Every structure is written in structure tokens, then in C-alpha cells.
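Pulled from TrEMBL:
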- 40-61: transmembrane segment (TRANSMEM)
- 67-86: transmembrane segment (TRANSMEM)
- 138-156: transmembrane segment (TRANSMEM)
- 176-203: transmembrane segment (TRANSMEM)
- 224-246: transmembrane segment (TRANSMEM)
- 283-302: transmembrane segment (TRANSMEM)
- 322-343: transmembrane segment (TRANSMEM)
- 355-375: transmembrane segment (TRANSMEM)
- 391-446: domain 'Kazal-like' (DOMAIN)
Amino acid sequence: QFFVFCHGLLQLSQLLVSGYLKSSISTIERRYGLSSRTSGLLASFNEVGNTLLIVFISYFGSRVHRPRFIGAGAILVSLAGFLMSLPHFITGPYEFDQSVASKCCTFSNTTDLCQPRPWVNLSDAKCTPRASRENHEVLLVMFVAQALLGIGGVPIQPFGISYIDDFASKRNSPLYLGILFSVTVIGPGMAFMLGSAMLQFYVDIDKVSGAEVQLTHEDPRWVGAWWLGFLVAASLVALSAVPYFFFPREMPKEVGEVLQVDLFALLLSGFPLVLLRNLRHPVYLLVVLAQVNISAMVAGLATFMGKFLERQFSLTASHANMIIGAVNIPGAMVGIVVGGAILKRFQMSLRWCSAMCVLGMFLCLLVAFPLLFLGCPTQKVAGVTYSSEFGHHELECNLQCNCPEKAYNPICGSNSIEYISPCSAGCRAVNIQKDTNSVLNYTNCSCISENGSFATPGTCSTGCFHLFPPFVVLSCLAGILASTSHTPSFMLILRSIQPEDKSFAVGIQFMLLRVLAWMPGPILYGSAIDTTCILWEKRCDRKAACRYYDNTRFRQR
């Protein structure tokens, strides 16, 4: 029982490390200027290390000291977690364009207001060989960390489950495995909650004092302390790894006798035959393909759902993670439990199992269909999504300002049109709140003619918040309905194949899910999201993160 407790704890903290990346992905994109395609590749990169090794591990399963292997894997996972946070410590403080030079930062005489003097090009000043090298280092470290995370995670689940199954009594084994399964479902939810908590702190909380931070959470340039969560999660993994080095290689079985069959020698002799036999089996093949489709969707959504909520409904990253962790993931848990309960209550035949899966999916599609329309178009951004009726007036109104093309400090004009920087709106003056050194508003803006020609810092909201509650309710319902088919689809697989092929068939199933769903899912989603970008941030002449998306396209794709 102590082993089950330790294993639950370890699986939970391992999921915190891998799930936390998904909750902070939009923040990391912003901090290091990544496209969604790159961040999607990063998010799914741990599957690479995992898939390469899983075959070997299940082959060596019964021949090694399993608890020690699990412990070693956990140490790797915790190392990966610490590595993920390393970029924060090897790069300088986060820099953004600002109107009021703060005490901490270098360009003290520059501001992005409209000034008729010749412009010092901010963006090229930052573009040293060191800056571009730094960026490559960051990516390298993160990809290596993700690969390590995958490799370290390999022994944890299979060895833990087989160890428990070997030495627990037949009566208790399902209970223990049920506990572990529920932990694997709770884990991601907790990871998003952790993300929600950590992203409320400013990224350089350890490098600058609170008084010098001029950004609010709502500011589009705000970057939260994404690295803190990795430190927390990695420390938890390291702690839970310790007991594994003290468990024995074998335990006395609770009650009942041990059946020692060397499954793996059997498997290898008949490996190709079993593989062909299972892949030729139509039910097995179809169910696995259906699961591949669902899992690819889940993998993509889990990675970018937060980013989607941030953009569509103008939420902060912290708020978006809170919703996913507290509403969407628990919804999926409820669905899985309900599906299992229905199965148990009505003792369903295979035909009914498949009917239940089809019904669940069909209802899910019905409920999810309105989500295509629940959102608002992109806010009006001068020169990006919107050119004013006065034709060339707005191009001329800031000509004498010599704006840097890359400045990004969005403001919302009193005409409720957004401008990329105070300079592009032709604002010549700024009012500052004395005690906090933060910007109250910009005045004297030559591009804004109506309502007093002033502007407030931050983006104009999409005006969509009233659609947010229905969106949450519908997406949660869709998730519940889709996940009711989780258990029946597993039953279809387990009951449709010959009993001696069971463990093998499940292994092949997970292998296919990894290669066809978990790996490509986030990359496909990220690439689709990138196609809807209207304005890219440029860093050293490379495309970095996306500044503005076409919200309608983003939602539909």
C-alpha cells in the first residue's frame, strides 16, 4: 500500500512537469518569440524520447530491479524539470517597448511617443549576434529537457503497474490500479491550476523589484513567471523519487500465488504473427483509429486551449488556465466515470459498447457545433486589421513621428481603435501616475480625432466577454460527452482480441496513439494557428511570436 501511495505521488508530480508546459506555452511563446508551430513541436517532443524506448522497457520488464529503475527515471524527469527553467537564468531580463524609461533598463532616453527627431532604431540595437545565439541556446535547452522528460517517464508507468499487479492480491489489484488511473486524470488539472498561480507573478520577479514592473496582468506584453512552476514540480518529483531506492526487488504477494510466465520470450518468438493478427482484426483496427483521431484532437486542444481563450475572450493567461484546470479537465473526469458506470450497470455486449461510443461522439459534435460561432471578430487595429475611412489621413498623421516599425506597446484610442504603439497613433504626451510610475493615458494624439484624441494603455478588448460563459458550459459538456466513450472503447479492444494477445495489443495501441496522435497533434494545431496570424513580431529578421490573429479564422480552424 505504501508503494501504491508513492507511485500515485510520483505519477502526479511527473504529470505536473509535463502538464505545466502546456499551461505556460503562450507565455513562453511571448517571452522567447516562438511561433505556435515551434511551441507545438516543443510540447510534443517528450513523446519522441518516450516512444523510442518504450519497446525495450516492456521487453526487459521482468528482468530488472523495477523500483530502482522507476527511481532512476524519476531522477531524470526531475532533472528535465530543472532544465526547463534554466533558460530564465541564462538569459537577461525580459525587455519590452515602453513609453516611460524605467530605472532598470538600458535605453534610458528612448520612448515610443511621437517625437519629430530622427529615430534611434530600437529593434536593431537589440539585435546583436549574442541575442540570436541566446535564442538558439534557449530552444536547445528546452528540447533537450523535453527529450529527457520523455525518456525518464518511460519506466514509471509500465514498471509501476506490473509491480503492483505482481504483488497485490487479485482482489485489490483493480482498486490500486483504479487509484493510479484517477491520479493520472487529476494530474493535468492540477498542472493548469499551478500554471494559473505562477503566471500571476511577473517573469523577472527575481531580477527586478516590484516597483519597477510597469505592466499589469492585462497588458499584452505581460509575461508571467513561467519558470517557477517547473522548479516547484521538479522538486516534487525529486522528493517522490527517494523511496524507490529502498523498495525490494520482489515483495511477498498479499495473498494467492504468483504466476511466473516469461511473457516477453513468448512475445518475441511470435512477435510478427501477433502483430499481423491484431492489425488484420477489423474491430481492433477501427477502434484504435477512432482513438487516434480523438487523442490527436485532445493533444492539440490541451496545448493551445489556453491561448485560444486568451485571444478570443481577452483573458489573462492565469484566468484561462484556471478555467481549463477547474472546469474542462474535471468535466472529462466526470465523463470517464459516468461511461464506466453505465457499462458496469448494464453489462453491455460489444455491440452496445460501440453504440455507446457512437452516441457519445454524435452528441459531442452536436454540442460543440455552436462553438464555431461563439466568439467575436478581431478588434480594430490601425494599419493591421483596419484602415480608416479617411483614406491616407492616418498614414500622414504619424509621418513626422519617425516611428520604429517594430515598436509594440498597444494602446486603445478614445475612438476604440487599437494602435500598435503610442507613436503610431501620433501621441505626443504621456500622463504618469506618480507613486507607481505606471501610465495613466496618452494625450495629444494626432491620429485620433474623436472623443478628445487621447488613448489608454493596453489593447481594446474584443468585446466578447458575454459569450464566454456559454462557451465554457458548451465546451465542458462536449468534453463530458466525448469522454463517456473512453471506457467502452477500451472494452471493445480488450474483448475483441484473443486473451493471450491482450497486453501486447494494448502496447501496440499506445504506441500507435503516441506516433499518430500525441506527437503530430500539437504540431498540426500549432501550424493551423500560425496560418491565422495577421502580424508577426520580428526579431533579428526572423518571424518570432504572433502579435495579432484573425480571431474568426483562429476559432474556425
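Heads up, the Cβ atoms here are built off N, Cα and C, so glycines get one too.
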Selected stretch (most C-beta pairs under 8 A with the transmembrane segment (176-203)) from 138-156, 224-246, 355-375: 224-246
How about long-range neighbours of the transmembrane segment (67-86): same chain, 6 or more residues beyond its ends, C-beta under 8 Å? 3, 7, 10, 14, 17, 21, 141-142, 144-146, 148-149, 151-156, 159-160, 163, 227-228, 230-231, 233-235, 237-238, 240-242, 244-245, 247-249
Need one number: mean pLDDT over the domain 'Kazal-like' (391-446). 78
Secondary structure composition of the domain 'Kazal-like' (391-446) [DSSP: H/G/I, E/B, coil]: 7 helix, 20 strand, 29 coil
